[in-house]
Amino acid sequence: MISFIAQRIAKAIVVLLALVVMNFFLIRMAPGDPAVVMAGEAGAGDQLFIAQLREKFGLDQPLPVQLFLYVKGILSLDLGFSFRQQMPVSKLILDRLPATLLLTGTAFAISLAFGILFGALAARFAGTWADTVITIAALIFYATPLFWVALMAILLFSVTMDWLPSFGYETVGAGYTGLAHVLDVAAHLILPATTIGLFFMATYARMTRASMLEVSRLDFVKTARAKGLSDAVIQRRHVLRNALLPVVTLAGLQAGTLVGGAVLTETVFAWPGIGRLMYEALLQRDYNLLLGVFVVCSAMVLAFNLITDLVYRSVDPRIEFAA
Amino acid sequence: MSKRKILVSFAAMCMLSTAAVAEGPKPGGVINAVIQPEPPSLMMGLVQNGPTQMVAGNIYEGLLRYSPKLDPLPGLAESWSVSEDGKVYTFKLVKGVTWHDGKPFTAADVLFSIEFLKQTHARARGNLAQLEKVEAPDQSTVVFTLKQPFGPFIGIFEVGSLPMIPKHLYEGTDFKTNPANNTPIGTGPFMFSEWQKGSFIRLVKNPSYHVKGKPNIDEIYWHVIPDAAARSVAYETGKVDVLPGGSVENFDVPRLSKLKNTCVTGAGWEFFSPHSWLWLNNRSGPTANKKFRQALMFAIDRNMAKDVVWNGLGKIATGPSGSAIKYYTSAVPKYDYEPAKAKTLLKEAGYKGEKVRMLPLPYGETWQRWAEMVRQNLQDVGINVEMVATDVPGWNQKVSEWDYDIAFTYLYQYGDPALGVGRNYVSSQIAKGSPFNNVEGYSNPEIDRLFADGAVAFPDAAREEIYAKAQKILVEDVPVAWMLELQFPTITRCSVKNLITTGIGVNDGFRDAWIEK
C-alpha cells in the first residue's frame, strides 16, 4: 500500500508541474496584464508608471524566463509574490484556506449525507410520491445556478425572515469567544454551505437512487432475501454498500470541484476564502496569485483522487492496490 | 385641525428643531461602511486607487482640503500665501501635530514626502513637474518655488494627490518592502487597527488628533463585500450604515433610498468630477470623420440615459470639462438629442453602414445597460454597431492598444483643466500602452498650444480666456462624445451626520462625522 501511495504521489507531482506550465501560458493568453489594471485603478496614465510596474513584476522579461523563474520557485515551494496584494502568495492562500476548507467541507458533508439519504429513500420507495418529490427537488437544485440559489436564500432567510446573517465569516466587532464564536461562525456558515451543498446533494441523490435500483436487481440480493433477511438489513448492508461505489467515485471527483462552486458562493456571501481570492485575482490578472490558487486546487483534486482510491478499498474489500 | 392645534404643533416643531440644533455633534459610536473592491494596501504613498484612498483618507492627511467649490481649506497647513508672480507658495503648518506613533510631524516630513511621491506616485509626479525646489526655513514652514507660474498648483495638496509620509519610518529604506506598509502610520483622525483580508478593516479614533474635539466617531469598520446585491442587502438588513458612491447598482438606489432613516446624496465628488464619454477612434474608420462624430452626439439621448440608467443623478456633459471644474464654460456648441440631424450628418459624412465596434465599460450592470441604450440610439439612426464584451483587463488592453471604434469610459478631472482635462486632448499624450491619455488620437496644434499656455498663464483671468477658447474648439471638433457628469450617490443612515463636508467627500475621511443617538 505504501509503494502504491508513493507512486501515486510521484505521478501527481508530474501532473501538477504540467498543469503549472499549461496554466502559466493560458493566463497570459487572456488580454490585459496586471500593470495596466493597477495603473487603471490608480487613475494614472503615464507610460513610465506602467513600465515601472511591469519591471517590478518581472513582466518585462521574456516569457520563457518568467516561466523558468516561476517553476524554479514552485520547486522550492515558493508560490511567488502577489502583484496586487503586495504579499507572498503562500501567505495569502494559507490565510484564506481554512475558511474555504470549512465551507467546502461542510458543504461536502451536507451534500453527501443528505444526498445518500434521499437517494436511498427514493430507491426504497421507487415509483411512489416520495420518489417523485425527491427526484423533482433534486433536478431543480441541480439545474438552478448556484448564485441564484444564494441570492434567493439571502432574500428569504436574511432579508425577509432575518434569521441568518447574509455575509461574512463572523459578526465583525462582536468580539465573541469560545462557544459563542463557534455558534456565530456556524450561523454565518449555514447559508453558503447549504447553497453549495444543495447542488451536489442533488447529484448524489440521483446517483444513489439509480445505483441502488440497479444493485437491488442483482442475484445476491435475491439470495439475501431468500435467506430471510429483513428488508432494512438488505437495503443497508447489501444494496446500499454495493451501490455506494459509483457515489464514492463521483464524490472524489467532485470534492476538488467544490472549490469551483465556492468561487461564486464565496463572492455572493462575502466569505473570505480562496474561491474569492481566485475570482479577484482573475479580474486583476494577478498572475502569481491565480497560478498559486490553481496549484493548491490542483493539488487538492489530486489528493482527493488518491483518497478516493483508498476509500474504494474500505468500501469494497475485493479491490486491491496495484501501482 | 383647529388654529390652536396648529399653533401648538408649530411651537412643538420649533422646540424640536431648536433642540436638534442645540444637540450638535455627539462623541462616540461606530460606523460600518462598505469598501469595494478590497484595497491592495493602505499605504497611500505607494498605492493610489479609489478604495485605498477611501479607507486611508482617514489615516493620512494632505496639506490642504477643498470645499465643494474647490476652494482650499486648512489641512496639515493652517495658512498659505502665494507670491505676486505666482511662483512661490509658502505654507505654515499646524503646530503640535504628531504621527500616530507619537513622533512630531514637521516641515522635514513634507520635504521627504515630496521626494517619496516623485518616485512612487504617477499623478503627483506630473503635478510637481513645474517644481523647481522645496525648502523648509523652519520646522513649521514649507516654501515651494516653481520654475514658472502653474495655475493649478494650489489644487494639488489633497490627501490622495499628495499624502504626507512619515520620514522617520521610510527614510533610507526600500519603500516597497518597508514593514510599515502593513501598519500605516499617518497624522489623520483615525488610526489603523486591524485588517482581516477578505473580511474587514478596522480603524480607531486618534486620541491625539490635532483638531480639537475631532473625530467624534470611536471606530470605523470597512466591510469587504464583493457582490453588489449582497452590499444592498447588508445595508437593508442594518449591517452597514454607509454605502459610498458606486457601492450598489443604480437600479437599487431608489429602493434603498425609500428605507427608513436613509439619506442619499450626490455631494462629495466635486473635486474628482467623474466625467463620462465615449472614446471615438479619430485615426480610422467612420469615427475618423468629424461629421460622423457630430452625428453621434445628436443621435444619443443623454437625458434618457440620465433619467433611466442613472436614476436622474448627474448632469448632461456639455464638453470636455465638468461644470465643477475651474474655467468651465457652457458657451459652446450644443448637441441636443436630434436623430434627424444625426441622419443628415451621417449622409454628409458618407457613412454607408460600415460596422462600428463598441466596448462597454465592464463595471457592472449600470454600464452594460447604458451601452445597450446607446447602441439602440445609434441603430435608430442607421449606425451598424457591434458590441464587444470584455472584462476590465481586456478593456484596458483594447483601449490602450487603440483596438476599438467606440469605447465607454469615465475619468476624474481633479478640479482643474491642467490636471485632469488636457491629458485627453493634447497630442503629446498620444501614446499606446495607457487607457487614460489621448486615447482617441485627436491632434490639433491650436489645442496643444492652448493647454500648454493655460497651465502656466497668470493670473486667473488669463487662464479663463484660454480654456474657454479650448473648450469651444473641442466641442466643435467632438474628438470624443461627452455623455454625463456622473454623480455617485452615497447612501447613509440619516442618523450619520456630517459625513460629507468637503469636495472630496467620503474620500477625505470621516473626521467631522457624528452619530445622532
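Counting starts with 1 at the first residue shown.
Cβ coordinates are placed from backbone N, Cα and C, and glycine is handled just like the others.
Automatic prediction, not curation, is the source of TrEMBL annotations.
It should be emphasised that the depicted structure is a prediction, and the values quoted were computed from it without experimental measurement.
Record features, source TrEMBL:
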type	residues	note
TRANSMEM	A:12-30	transmembrane segment
TRANSMEM	A:97-121	transmembrane segment
DOMAIN	A:97-312	domain 'ABC transmembrane type-1'
TRANSMEM	A:133-159	transmembrane segment
TRANSMEM	A:179-202	transmembrane segment
TRANSMEM	A:243-269	transmembrane segment
TRANSMEM	A:289-312	transmembrane segment
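Taking pairs at least six residues apart, the transmembrane segment (A:243-269) and the transmembrane segment (A:97-121) share three or more Cβ pairs below 8 Å and count as touching. Contact counts against the transmembrane segment (A:289-312), taken as Cβ pairs under 8 Å, peak for A:12-30 among the stretches A:12-30, A:97-121, A:133-159, A:179-202. The largest share of C-beta pairs under 8 angstroms with the transmembrane segment (A:97-121) comes from A:179-202, of the ranges A:12-30, A:133-159, A:179-202. A Cβ distance under 8 Å defines the sequence-distant neighbours of the transmembrane segment (A:179-202), meaning residues of its chain 6+ beyond its ends; these are 102-104, 106-112, 114-115, 118, 137-142, 144, 146, 149-150, 153-154, 157-158, 164-166, 168-171, 254, 258, 261-262, 265-266, 268-269, 271. Sequence-distant contacts of the transmembrane segment (A:12-30) (same chain, six or more residues past either end, CB-CB distance under 8 Å): 63, 66-67, 70-71, 74, 285, 287, 290-291, 294-295, 298-299, 302-303, 306.
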